[in-house]
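Here the structure comes first, spelled out in structure tokens, and everything after it is commentary.
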Amino acid sequence: MAKMEVKTSLLDDMIGVGDMVLLEPLDEDSFINNLKKRFDHNEVYTYIGSVVISINPYRSLPIYTPEKVEEYRNRNFYELSPHIFALSDEAYRSLRDQDKDQCILITGESGAGKTEASKLVMSYVAAVCGKGAEVNQVKEQLLQSNPVLEAFGNAKTMRNDNSSRFGKYMDIEFDFKGDPLGGVISNYLLEKSRVVKQPRGERNFHIFYQILSGASEEFLCKLKLERDFSRYNYLGLDSARVNGVDDAANFRTVRNAMQIVGFMDHETQSVFEVVAAVLKLGNIEFKPESRANGLDESKIKDKNELKEICELTGIDQSVLERAFSFRTVEAKQEKVSTTLNVAQAQTKVRKKVMGVLDIYGFEIFEDNSFEQFIINYCNEKLQQIFIELTLKEEQEEYIREGIEWTHIEYFNNAIICDLIENNQTGILAMLDEECLRPGTVTDDTFLEKLNQVCATHQHFESRMSKCSRFLNDTSLPHSCFRIQHYAGKVMYQVEGFVDKNNDLLYRDLSQAMWKANHSLIKALFPEGNPAKINLKRPPTAGSQFKASVATLMKNLQTKNPNYIRCIKPNDKKAAHIFNEALVCHQIRYLGLLENVRVRRAGYAFRQPYEPCLERYKMLCKQTWPHWRGPARAGVEVLFNELRIPEEEFSFGRSKIFIRNPRTLFKLEDLRKQRLEDLATLIGKIYRGWKCRTHFLLMKKCQVVIASWYRRYSQQKKYQKIKSSTITVQSYIRGWKARKQLRELKHLKRCNEAATVIAAYWHGTQARRELKRLKEEARRKHAVAVIWAYWLGLKVRREYRKFFRANAGRKIYEFTLQRIMQKYFLEMKNKMPSLSPIDKNWPARPYLFLESTHKELKRIFHLWRCKKYRDQFTDQQKLIYEEKLEASELFKDKKALYPASVGQPFQGAYLEISENPKYKKLKDAVDEKIIIAEVVNKINRANGKAASRIFLLTKNNVLLADQKSGTIKSEVPLGDVTKVSMSSQNDGFFAVHLKEGSEAASKGDFLLSSDHLIEMATKLYRTTLSQTKQKLNIEISDEFLVQFKQDKVCVKFIQGSQKNGNIPTCKRKNNRLLEVAVP
Ligand SMILES: Nc1ncnc2c1ncn2[C@@H]1O[C@H](COP(=O)(O)OP(=O)(O)O)[C@@H](O)[C@H]1O
Ligand SMILES: [Mg+2]
């Protein structure tokens, strides 16, 4: 929607008048009413020509958004409703495109919105000028200079919570493309006295509160500060906190801004050190002391604070103390100083410059003093420059446009400036003269002098003036003088003028400061350098200020001025309140009416021909709707036609000039009227057109519908006829077809009947033939059967006499006999060898001989075994008996057995009788020795083996020492109860002895022999033959052996191969003996 209502002129949608130049009638009341009307409608900006009047809304309005910036960007000044952005855009564009340096002069009283306005201008310019990282950094630095300046130069006052206590002029520099390069800031009139003392309800400069609220404990400690405001005499306590102001957060903003602006860390640090030192200075108290020589001296009460200051600033304590004590500084008097750095702003390289001046406006208080005097002087100068520049511009435009310049009366304030700044007779010159004069100088002598010199000046009033013009004016006290400024009369108290003008800092103080071991403080007091001692008096505050104003004016004169006049609508800092008296006062001292008058000096309104013709062309037949010729001729025709009196306008080269706003408003009224007529006309034509097009459309539609309908109905009719025809056709076809079918069916039935009859006939014929043939065949068969029976009967009768009843049996037996015979004969030839181990046997020829064949094999085997046995001698027989016995005892039970089969049982392995070593043994044993062999006896305690001679005789078992042949033990066979051994491939065996027998006292024997099978067999056989009892042979891998009193378990396990093939025996514990068999 916003896009729809495109404005092409300021004159559209106007509330009151947007440009005061167009105000009619022009007087104070209508001026204020217009402002109020606009203010009530949230229009806080109004123009006077190109000057912007801004009324502080005291609330945030939605008119500073990025969208608004875009709206005002690159638009003509008068195109949209008045706005600070329009002015900024105009200034920036003529700077960028026409290479004209600009200055923006913002004036108004405290709290009127000057600083805000200057920030708005800067932010607008920042938003529309170039882009890029470098440019953005510059922009950021420019914008961030504000928080820093405000922290050190702004304070809460009764009128404004964030009042700038200094005048500020900032030159923003741009390169040829219009990208910002940087800025130079100059300060004027910093209210230094505020540091020492603030009026009730006001605060010191923000930075003091910010540092105490926002700095970290650590930082405060470094600065030797305490957080408590009440510790410091300089901090007014009654309004230490301000609503809506977060000092701590602002402190962070300021530090951050300082960093962005380019302060190095150590620089920031030393700035804060100075701030801390200033705070602490306030706490130093003096006590007066009279000395003997009659001179007064001041003494410092508490030196601790002084010591800390000296530590912070690096000044020698004694130096500072001396400086304080030898001369008392009247620190509690208000002082104004000027700091000027305009020279800095003049740089060598040609840059485009936009200056922004934010300075106090006119000040008229109850008590006006030196400060007000010089501020008002400054404003007077600004007004001058405004008049000069406006008139100059006006004049230039007239010349450019070729319009005759007619002089118009307006008030030129040059005369007031002269009253103040004239080098011989000006008030400032008088003041300087008075200050430098030897002898007693007081404010009164100064006033007297003024009375002498300025008495005749028409803008100077005083009661004591020689010419007693004002003697009767009781409103003017004796110690005052009054100046009639362009903005109104102001009465100044003369008291303090001389002192403030002098504004001296005593040399011993500045020298003490210069000696500080602190670069910043040293730099702040260059005059303290003893090398540069200057016996000349420093220039007075007044002359300094005059000079700086002059420089500023010179600077401004080279630039194209743009004015923003700020007005404060009420004293309560409240929105929506418009105090007419207050505004009236401001309008007067800002000289706004005067502004309008100057602006209207010649012609009130001017506009290029093209937009003018475009706007008003509908007022004349020749120019409406299109004018083909040049725009100027069009406007001429138009104005002639409208019969506008000739003195009311002039034709410039490119612009039409209108003398009176009345004429413009007449034009506007006519236009409005005409627009209404035109709107009606357009409406009329539009409605006619709309109806006609609607009718035509309907007509066209009707034709289309009718044609479609006709087509449709014909189609329907045709389809009906077609379908009826088809129906009739189909009936006829059906009837014909049925008739034909009937005929065909009849024909078919006739044919079928003929076939059936024929078939029956053939059938009858065939059956008759079949019957005949069957009869014939039966007869032939009967003949054959009868013939066969007859033949059989004949043969049987003939051969009956040749057959016997049992002939079959005889043949059977004979055949069997023959077969048996053949079998045996063949067997005889196929007999296997006589070896009992030969497994061969011929195959069986007939199945019925199965059992015979097996029996025959068995018999043959038994026979050849007998044959084999019969060859044995008695000796051999005995050996085989033994071997048989061994086989019965051990086969499939002991793994050692198969290996023993092939070994002959020798019995006496040791030749006892032959060997002389064993003679004694031989003698001891007189019976026949059955076994003599070396065995290993296993030691019962540790499982170790010891060699023994094992002897078996008919009645005894003997163990003897192998070396000596001494008998170790002798056991009667009757005492041997059992022999135990493992099932494995080892030669261990235990000989169990009968309990209680003599031999058993030492326990059973555990022995090991290479001929275990033979020994066990022989032991078994000998025992059987001697005692008629079978010896118990136990084969088990685990058996118990009686060792003296204990029963020990002998356990055979599968051992590793690591000891070779020899089984090893180990005593595990007293219950277990383990034999590992490989
Ligand atoms: N355009 C504005 N919109 C909203 N508030 C404003 C505007 N101008 C000024 N103000 C309010 O008025 C206060 C005083 O403005 P400031 O610019 O500091 O005054 P000055 O510099 O003239 O003393 C600001 O703190 C702000 O609250
Ligand atoms: Mg300000």
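Using N, Cα and C of the backbone, Cβ positions are placed for all residues, glycine too.
Among the residue ranges 20-42, 549-571, 848-870, the one that TrEMBL annotates as region 'Actin-binding' is 549-571.
The list of residues near the region 'Actin-binding' (549-571) in space but at least 6 beyond its ends in sequence, with Cβ under 8 angstroms from a Cβ of it, reads 35, 39, 48, 50-58, 84, 87, 90-91, 94, 100-109, 111-114, 117, 121, 159, 169, 186, 188, 340, 342-343, 345, 353, 355, 357, 361, 377-378, 381, 384-386, 388-389, 577-579, 582-583, 586-587, 590, 592, 595. With a CB cut-off of under 6 A applied against ligand 2, the binding-site residues Gly108, Gly111, Ala112, Lys114, Thr115 are reduced to Lys114, Thr115. Secondary structure of the region 'Actin-binding' (549-571), assigned with DSSP and counted as helix (H, G, I), strand (E, B) and coil, comes to 9 helix, 8 strand, 6 coil. DSSP classifies Ser110 (ATP binding site) as coil under the three-state reduction.
Cβ packing within 10 Å was compared across the binding-site residues Gly108, Gly111, Gly113, and the lowest neighbour count falls to Gly111.
Averaged across the domain 'TH1' (894-1078), pLDDT for the predicted model comes to 84. With a CB cut-off of under 6 A applied against ligand 1, the binding-site residues Glu109, Gly111, Ala112 are reduced to Gly111, Ala112. Annotated ATP site Gly108, Glu109, Ser110, Gly111, Ala112, Gly113, Lys114, Thr115; additional same-chain residues within 8 Å of its Cβ mean position, judged by their own Cβ, are Asn56, Asn160, Gly361, Cys566, Lys568.
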